[in-house]
Amino acid sequence: MALPSAFLNPFVPSPVTANPRTKFARVGKGFNVSCLIKTEQTKSAVTETGVSPATKEVNEPSLSTVLVNYSADWDPYNATSTPIYQTATFKMKSATEFGEYYYSRNANPTRHTLEALLAQIDNAKFAYCFSSGMTALTSVCELVSPGDEIVTVEDIYGGSYNFINNLIGRKEGIVVKHVNTSDLDEVKRNMSNKTKLVWLESPSNPQLRVSDIRSIAKIAHAYGAILFIDNSVMSPVLSNPLDLGADIVMHSATKFIAGNSSCIGGSIATNNEELGNKIHSFQKATGCALSPKDSWICLEGIKTMALRVQEKQRNAQLIAEFLASHPKVTEISYPGLQSDPGYELHNSQSKGPGSVISFKTGSLPLSKQIVEDTKYFSMTVSFGGVGSCICLPWYTSHSSIPDSQKLKVGLTRDLVRLSVGIEDVEDLVMDLQNVLSIQPQF
């Protein structure tokens with residue numbers, strides 16, 4: 001949502017409620033260590049050189065520190081865990097005057113706290129939380145009008161494909177073009193003065209194909225189009241698409257943000273006030289905002305997001321290397337492998353390869369056996385939780401895409417998608433090694 005002043009600089013209390021114990025203050029899009037002395041904020045640093053604290057540059061805290069120490073400065077009781085405002089309404093100041101909060105469909109303090117934090121870590125001015133990733137995507141599609149065109153990555157999440165082709169494209173007369181966005185020339189050939197939205201996933205789901213976000217941003221903007229990035233595979237820990245030229249970034253909060261597969265949610269972030277206002281209006285009018293309780297679950301989960309992402313990625317790298325060397329694996333996609341075609345480009349626009357891997361065996365019976373017989377990989381859809389997951393996208397997350405379209409983009413029946421968790425990596429590798437060693441039953 002468009003954030004009140006108290007949320008734009010969430011570590012800085014208002015002059016009325018300043019607390020001398022407050023240690024962090026946001027400055028622009030970075031952070032400075034600060035201390036509040038008698039409600040007067042001054043930059044300070046502990047040094048051994050005698051340099052004046054007023055002139056000593058202070059290092060910014062890491063993302064892990066920010067996520068753990070983030071708190072709601074509006075809370076009069078200074079709770080270490082953000083309170084859940086589980087209420088439908090708030091009492092008015094008078095018969096003719098609302099307070100800052102009056103109806104939770106429009107605004108809620110618990111959700112505001114999460115939105116403020118997500119805006120901060122996405123390097124955005126505005127952030128909005130929705131009841132699911134799909135409702136977040138719906139808010140973006142509301143920016144497109146009949147007669148407009150959408151250019152989208154061809155290797156796209158099945159739910160997104162179904163939505164923009166069957167619900168938006170067919171009903172509203174919007175032309176949807178599925179393009180190999182790893183090929184900049186193909187992107188250019190499909191752009192026109194009717195293109196309103198360019199829709200990317202990088203890496204894509206499930207084949208983890210990498211697109212040049214910086215270059216595509218320039219192409220989109222040359223045609224006056226909006227560049228939208230579904231960043232769910234990466235999380236704000238590993239990628240900040242707004243810094244690369246994107247206009248809107250989306251996350252499925254269900255995944256890395258909440259982190260425990262315990263709630264459904266989505267988020268949108270942008271630096272464009274006009275786009276932000278339109279998305280916020282959609283959020284309020286349709287009643288699709290994230291509930292106070294689910295906002296709280298995300299706030300609790302996000303505290304460990306940086307650590308979880310780091311551990312999951314470490315495990316995924318080792319598992320990808322194991323799979324790449326296994327004779328029964330015919331093809332593997334993971335941008336952390338030097339052999340991956342998107343390796344260098346991905347490294348230039350992200351902080352790591354993430355924890356999602358896809359691979360092929362050339363045999364549906366073998367792939368089916370791997371999915372069904374692993375011990376520590378839950379046979380389920382989604383990704384980004386603490387536990388490892390495994391599925392066949394053809395039959396699950398991408399089942400709504402026509403078979404011909406799946407085959408066209410290389411998504412075959414035997415493709416296995418892994419979401420690597422935080423378990424002991426030796427256990428995970430041994431688990432995969434065991435199922436790969438068993439002869440499949442035809």
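Counting starts with 1 at the first residue shown.
Every residue, even glycine, has its Cβ placed from backbone N, Cα and C.
In Swiss-Prot this protein carries:
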TRANSIT   1-35  transit peptide
BINDING   Y103, R105, G133, M134, S252, T254  pyridoxal 5'-phosphate binding site
MOD_RES   K255  N6-(pyridoxal phosphate)lysine
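Of all the recorded positions listed (R105, K255), R105 has the fewest other CB atoms within 10 A of its CB. According to DSSP, R105 (pyridoxal 5'-phosphate binding site) sits in a coil region rather than a helix or strand.
For the binding-site residues S252, T254, the largest tally of other C-beta atoms within 10 A is found at S252.
Around the Cβ of M134 (pyridoxal 5'-phosphate binding site), the number of neighbouring Cβ atoms within 10 Å comes to 17. Spanning the residues Y103, R105, G133, M134, S252, T254 that the record associates with binding pyridoxal 5'-phosphate, the maximal Cα-Cα distance equals 25 Å. Taking the Cβ of Y103 (pyridoxal 5'-phosphate binding site) as centre and 10 Å as the limit, one finds 13 other Cβ atoms among all the protein chains shown. In the three-state DSSP scheme, K255 (N6-(pyridoxal phosphate)lysine) is classed as coil.
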